[in-house]
């Protein structure tokens, strides 16, 4: 079966259960969002899927293949990519270099020692196209550290897409981005390739309702409910969680 | 049986010395996140001062010890204020370099002042004797070192576990930012901790001069040894340092008795194997 | 055209060294050998971001391997270099399997420990290495079968300089390659490198092995030129000094490594000649000055001075 299939996924740290018996599917073309209060285990779930953490029990299949025990790098090669909650880039490299690296890695050229990194016109053309797509061409030779945070977010998105993933997990893509710049992020997500499977983990409800076709609500490591944005907005339990729960 | 007892007594005594010298290093590394390669220098300064007061000026041992400890702390505190306070904010590599530079300056100073020869530290007569336990005699020095080490451990435990200072210190080790936010004066905690660590190193240096002889190159020669105690014990863990110091003291002594030709190699190989399995040390956190 | 200025300047520096120390070519040669060692450290530390105080381990392994190879197997200089490079690479590979799992302080300490073990092995294996007396009796064949190693050290200097130029050229290519870019990536953010699917552990291990091979070449040159290998090749001081030279020049830049080494060796030479006992004062003060006032090294000095003149006071610590 195409896409991501998670069954009975559980993770505990010592006695603390942070993910409990999660069933979850993500098909090509899906636009799903994962929401929930702080400490609900959203990032843990993302880390389990990408291989940063190892599950205590349960299975993860990708295109029918069991990937639950594969390392992070192997899963990236299979096509599962994520952006970090806090922008994680190569701050002292230029935008161009930041995008060149994932393209080279994807093409398995990372161990080549005797050719120039910028010597392959095909790689360079791809990097240029990515920069154009995210409106970064003017910043190509600037160090990433010197960009505005919203722009850095775009670089991270472009860098992740450079891997040509089939599953993309965006961990709070708008976190830390000034409200004036969030539209950059929403637009970029709206323009992602149609057949890509996208999971957005987010606090910002506006963004979630703009981009997601389907929303999964996670509370204390368990799935509370799943539905369309309209259903979730009308759900009494979710309303209580977000409006009555004090902090959200 | 006799050999076994020798290894245990020598090993534990050696471990106590390592603990006294290294515990300050472990706490400052855990607290200030500073890689202080110059820490062994404080043990040397203590030993050098004890040499000057005791051997050269002929003062009594008690007074010598007191003056040497006070002198070391009097050197350490300004260093903390002027040099280390700036080093805390540096990257790991800059810390390594800065403290290597400081180590070189310490070596050069002692070398210039007292020369590069061995600096004998006179022990009081009573410690040079043997103690008859009935079934065996043991050197009094070893017993005194073990007793002293246990008292230091107990004292530290009371200080850390039972006093307000200890509560604050532990809070600062756990999370510097939160401790500051709760109105704990971390600057003062750093200074007191640093001074205490330097003083203990000096105490260890003086009492251990028989096992780790004092000369100008002391800080470089034993740098790895002290770092190993911290790494094996786990940075910032006092109990970890204690266990590591005693364990390593026993290990080194045992290998020296049992496989004298291969002792250093065996020692390092076992330490590397341990750290390969537990990179964060015995009681260190991930 | 601009791309040629820096390499030409470096070659000129090499020629200048030859004429600056006509009566002390041994010293000029030692500088060039140290440049190679520091370059290897720059790859490992400056580019790949692996903090190590044990680069001397591979240097010493290369020296002993080249010395033993010349004595027992074949006295050809280039074959000896290969033996040295292999020894350095193999030691880096074996120790790297463990070392590359560690990080931070533990890693620094383990690198020191590896060098200490090598020191101890060389000391104990007296029958093979000569122990504390050093490995003696190394006699090299002529370079290319033509140029005899002479007493003044002319052949030795140009031979060393040629090898250094080749190593430098290799590194220039390496750091611009996909592998080199990946190392900078790992240095900047290992998490991000993992997240783009790069095998970070193996990449760092590869960098450590290549750096080890180059350090081995530097060691081999020492053995061949001085016809002696001493235990000092494994000493902590050598590894520490190499790191100081690198930071002094500016790490992550190959030219910085070269400049730092030349300046350090020259200051060392002058200070030690004036007052051999208090050399450590000079080096200690120098290190602290660099760390506090010139964290990016001498290579950033022009920019720092410009900033100081233009922008008034906002540099320094």
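Cβ atoms here come from the backbone N, Cα and C positions, even for glycine.
Remember, TrEMBL labels are computer predictions, not curated facts.
Among the residue ranges B:125-142, B:143-160, the one that TrEMBL annotates as transmembrane segment is B:143-160. Contacts between the transmembrane segment (B:224-251) and the transmembrane segment (B:100-123): absent, as fewer than 3 C-beta pairs lie under 8 angstroms at sequence separation of six or more.
Only sequence-distant pairs (6 or more apart) were considered; of these, at least three Cβ pairs between the transmembrane segment (B:6-27) and the transmembrane segment (B:143-160) are under 8 A, so the stretches are in contact.
Where the transmembrane segment (B:34-53) meets the stretches B:59-79, B:143-160, B:189-212, the count of C-beta pairs under 8 angstroms peaks at B:189-212.
Away from its own ends, the transmembrane segment (B:59-79) comes close to residues 42, 45-47, 49-50, 53, 102, 122-124, 191, 194-195, 198-199, 201-203, 206 of its chain (Cβ-Cβ under 8 Å, at least six residues beyond either end).
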